[in-house]
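These features come from TrEMBL:
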TRANSMEM  37-64  transmembrane segment
TRANSMEM  85-104  transmembrane segment
TRANSMEM  124-147  transmembrane segment
TRANSMEM  168-188  transmembrane segment
TRANSMEM  288-313  transmembrane segment
TRANSMEM  333-355  transmembrane segment
TRANSMEM  410-431  transmembrane segment
TRANSMEM  451-474  transmembrane segment
TRANSMEM  480-501  transmembrane segment
TRANSMEM  572-590  transmembrane segment
Amino acid sequence: MAPAVSTAALIEDDPWDMPELQDTGVKWADLDTKGKILRVLTIAAKLILLLGLLYMFVCSLDILSSAFQLVGGKAAGDIFQENTVLSNPLAGLVIGMLVTLLVQSSSTSSSIVVTMVSSGLLEVSTAVPIIMGTNIGTSVTNTFVAMTQVGDRNKFRRAFAGATVHDFFNWLSVLVLLPLEVATGYLVKLTDLIVKSFNIQSGENAPALLNVITDPLTQSIIELDETVISGIAVGDPEAKNKSLIKVWCQTASNTVIILTVFTWKGKRTLYFAHMCNHIFVNTNLSDLAVGLILLACSLLILCTCLILIVKLLNSMLKGQVAVVINKIMNTDFPFPFAWLTGYIAIVVGAGMTFIVQSSSVFTSAITPLVGIGVIKLERAYPLSLGSNIGTTTTAILAAMASPVEKLGNSLQIALVHLFFNLSGIVLWYPIPFTRLPIRMAKALGQLTAQYRWFSGFYIIACFFAFPLLVFGLSLAGWQVLVGVLVPIVAVLIFVIIVNILQKHKPQWLPSVLRSWDFLPQWAHSLEPWDRVVTIMAARCCCCCKCCNVTEEDEETGTQENKDNEIEMYDNSGLHIILCFTVFLFIYVSFI
């Protein structure tokens, strides 16, 4: 008789399955009095420590934004001065991305756009692509956060997918809505109709919720005069010679009249202001030097807090706590209301973002939770969509606090941002088939788990190299821009179409195109590129954990990914596009 063979090894595990969260701890009823007291004190201490780390994480993000503004804020203002370039929608899109990356704040870049529209330097229709670009630029922060989990292959797969699902939503929305806006101007017409239909009066500013807690710490370190960047953008010559570091601050009552002077030009009123009390108020260092110091310190604190938060959550989310949280976060409503669960998640994401007043903070906070398996990617997606809505509501309230003469334009730009995100949700969420960002994020997460160096290439290529390339071509004129980008787009479209036909209708293709084997290996596989990166990393004596992986771990990881690949990853069409992108990036860099 043939020996019995277990079939368990033949069953392939889905790499996207959530880790099993079991109640492995000692039950409360089995503890004695001392054990119960120790457990309560331990949980309380961990909660206090977690809140402290979250507080430092949010503050470090605020300081990081200030550091980027000191380093690149004036450059951002200079970029906005290129009015001839801004008339090109594609150039406006990448300028919005680049400025948001430079200042690390979509609120700051949006306020610059509002200032330029209010001053007459930009038309609302010209500002729409820039607003779309700020939406993309703000999603890079949580992608950086996902990199902190690069040491664990499975956690990194989930975390990177959880971060980039936000990226893909923004990219796909722009891909559809930007041409539609250029052709029809529906966002401008819709928001103009809303502004004119309602007699909206200037009101109070957006409520400072989280800022009430974080400002005492962040403003004791640095305060910036953001009107300098706006001044440079609108062409104020004096603004270029001013420092971004604020020296004089107004009182809590905003303005206090101390003296009224009558001159031959008329009455002049002087206002009281006191010297700010942050660390760099009397510094002799340049803005760039202060920015670099704050950049290094904030990045160090940010990464430290993230690593500690992940470790602390791993220790806390065990046993019954993990089971309960997992059920709350990932369980759908009972039939027939299951479809409402995602929309409730969108509302929760919008509400939480409104409270913290930053989509970057909210999405960066849920990314580690996706990585450790507390939140499913399918649940993180609607939460991210909600964060896009939440950040626009804050902008709308801020716009309503504008002066009467600027209220219309300010509110219209804020509404453009809101309806752009709402339109994207209508496109990519209601019907499960249209939720392409989830599938694309899973594909990229699987790829970066196998080739972890590709995550860095993705960030550099999508958020820096591509925008800079398009911006540089825009400066050369639209003829050069079209002449370079059209062939690239044509090649990518051809590869996608052939890839789809290879998968579904191979008989429609000539025998040569039924597979990509006729191409050299470097053109249809990332393996050669991986060997090059591995050799370069070894020669550079890279000390990162992800680079010092043993050969056994590499073989195990490669085999694991090969076993876990589903049908969409078996097709080399994705690798064709990525190899083409890598080659193009290297070629453009040499040029």
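Keep in mind that glycine also has a Cβ here, set from the backbone N, Cα and C atoms.
Automated prediction, rather than curation, is the source of TrEMBL annotations.
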**Item:** Beyond the flanks of the transmembrane segment (168-188) by at least 6 residues, Cβ under 8 Å
**Value:** 89-90, 93, 124-125, 128-129, 132-133, 135-136, 139, 381, 384-385, 388, 412, 416, 419-421, 423-424, 427-428, 436-437, 440-441, 444, 462
**Per Cβ pairs under 8 Å, the stretch of 124-147, 288-313, 333-355 packing most closely against the transmembrane segment (410-431)** = 124-147
**the transmembrane segment (37-64) touching the transmembrane segment (288-313) per 3+ Cβ pairs under 8 Å rule** = yes
**Prompt:** Taking residues 6+ outside the transmembrane segment (85-104), which of them lie with a CB under 8 Å of any CB in it?
**Reply:** 64-65, 67-69, 71-73, 75-76, 79, 112-113, 122, 126-138, 140-141, 174, 178, 181-182, 229, 360, 463-464, 466-468, 470-471, 474-475, 478, 481
